[in-house]
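According to TrEMBL, the protein carries these features:
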COMPBIAS  793-808  compositional bias 'Polar residues'
DOMAIN    46-147  domain 'Ig-like'
DOMAIN    154-252  domain 'Ig-like'
DOMAIN    261-345  domain 'Ig-like'
DOMAIN    360-454  domain 'Ig-like'
DOMAIN    462-555  domain 'Ig-like'
DOMAIN    561-648  domain 'Ig-like'
DOMAIN    660-760  domain 'Fibronectin type-III'
DOMAIN    768-921  domain 'MAM'
REGION    793-817  region 'Disordered'
């Protein structure tokens, strides 16, 4: 049984000249510890933001001084964290611009310190900006370019040409094998015939080239004057050289003397018209092509219907509906030549509303039927297809045919397309009758539609539009219901009424420009104030006389309670000072107020009746007995609104100083101390602050409550106040509560969680790093080429099914809550499984070595725990980055090492940037 553990202590690398390995850059890289810029006295603008990362990065590099590139594989998880320092706490915003794989500018605004994208896609590559702003000074901005790596499966297509040579004696055939792939970075292409690599310089019968304008995405293999040996299997293999562990991909095509492009034909015409409910079978027959083409069906617009069935080359549509109409496309592909494509337009017959129009003699500007003048009856139906509708006219039930006095127009040029008209010339008494228009699709199962128009001296007269008395103005309260009425009080036949807004560009509440009402009543529900305005009602030009429209207007007045400012205000004041509360009426409908009342803690305040035309106002002297919630309730006939004031002599909250990492100051045994810092918001707004109550809590239990006495020194705006909390146990975190105190009252508590982070002694004592207490494990990462991973855990979170009698009971400091990195090498592990934990990349070239030496020696130290009867081997490797990474074993330990933590340290002299790798190898 094997259980290997690395202690909760980060690796420390120290040169023999006493310098740390680029420690400032290294720990900023891990934790983005940025030093604040002073602004005033204790208020700090955001310092230069830093972006740290975790997740599945393939590589992070600096192209130049100004740009960092984060490389990640498509489908992995991107995690970027923006770390910044400042006071008050800055707000962090992420934005993005388009990358090389995007077609247009993109922006996403995420207000969070951590940006996380699950399953990142290629279009999400680009430059990500982290902006931190707290309203003080200039915002801090940092950027990183995310490069998403991917490699699609290549597509191989074959194109053939035949040309005459030496007259008509014989022909030459040239074949082009075109291999195309989408990738980032650009892929490398390899051509093979069978299993043999094709090299242009060794075969005069081939030519390998890259077409213009393909940007490395296409490679062509040209077979000149095809030879018998050229009939073979050809493989196009693409590679991005294993970046991000992306494996090579390939595609193979067999070239024979029978290779031909696809050809197809459809079983139906270009347009198919069917009735609703019919089944439709569309067959795409392959007439030529080798290899056998693959047939696919698609639809535009939108995808194939859910009920569609594809059986080989046949598409079956069951019980079609109008929603199934569209263009259906058949494609046949065998990767030889161009795909064969054909499409068919499927039209499903439908009929909508059938309307009629009665047009008196338009040459005479007539609005009534008069004997001896012309009259036109028109009939229109909204149908699909519109040009296939058949109209039949009847007079008193008998079909109408063209004559000198009755003229039929199949498509009236003066009307909307698809309108049929019957013109009555020089109307006589014999023409007074009932005329019927019937619309249908010949031979279709779609039901025909019919409309009857009675033409007599008493049946046709112009409409008279009227708004009922008192209906010109409709008054309704907000969220109520309203009815606007325009009635046709006279006229035959009575047309429907069309409603619209008189204000330009305003839509009806339904979102339409025009709403039709058969009875002239427009019903509005849940009325809002934006519906207020003037509405126009008009007679429709159809289902009645086609004459000048009759028109009227109705005003809708929406009443709502007063809109007040402020809705809520937190007011702080010194005791025994005059306080003025003012509630401003911004808008009100109706404008006249009916009542103004003031309340304190829900109790009515008796006072002289206020002037309803003046701004409501309340003045009083603040005393310890009249602190509380004050309300001003302002009413009109539509309702009541409230201004709320929280009036108090309590001091404002303290504001904790925001910094990273946490300011751990002193270590003593297994204890640490913490330098808590804060500022006081508006300390002069209330009575003098004499101190602070501080509570220290753990697991919701109070460990300590004490008074921090300011000893006569008053807090100043923006000036930091400090207090050291001592005797905290490593590595526990604590909840700190802080509240200001005045002579008369205590403010509200604010809470902050403080955490232990392990410090070291650096040239600057303000530098700090973390151990494995930090979930980001100090910038360490799992090697993506290993079989299984290290696990961050402590005694409380370890697996109860772990191997017995193995592993530590505490971390290296003796605390059960402390974290360490751990691997279980017993089952399900097998011989040869690897687990590797990689340190961040150390830039060893930035530190000079001793005089006369080209390399800098460094000391690596760490704690390890190896307990178990059949313990294996823990190895430490040095991975030096150059043209190719080189790994070398620099430390190893095998077998049972006892129940205690052991410390290891050794020297290294890397030749360039390097990483330290721990694991079972």
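Just so you know, glycine gets a Cβ as well, placed from its N, Cα and C.
For the domain 'Ig-like' (462-555), the partner stretch with the most Cβ pairs below 8 Å, chosen from 261-345, 360-454, 561-648, 660-760, is 360-454. Helix, strand and coil content of the domain 'Ig-like' (462-555), in residues and according to DSSP, is 3 helix, 46 strand, 45 coil. Residue counts for the domain 'Ig-like' (360-454) under DSSP, helix first, then strand, then coil, are 9 helix, 43 strand, 43 coil. Note on the domain 'MAM' (768-921): mean pLDDT across this stretch is 75.
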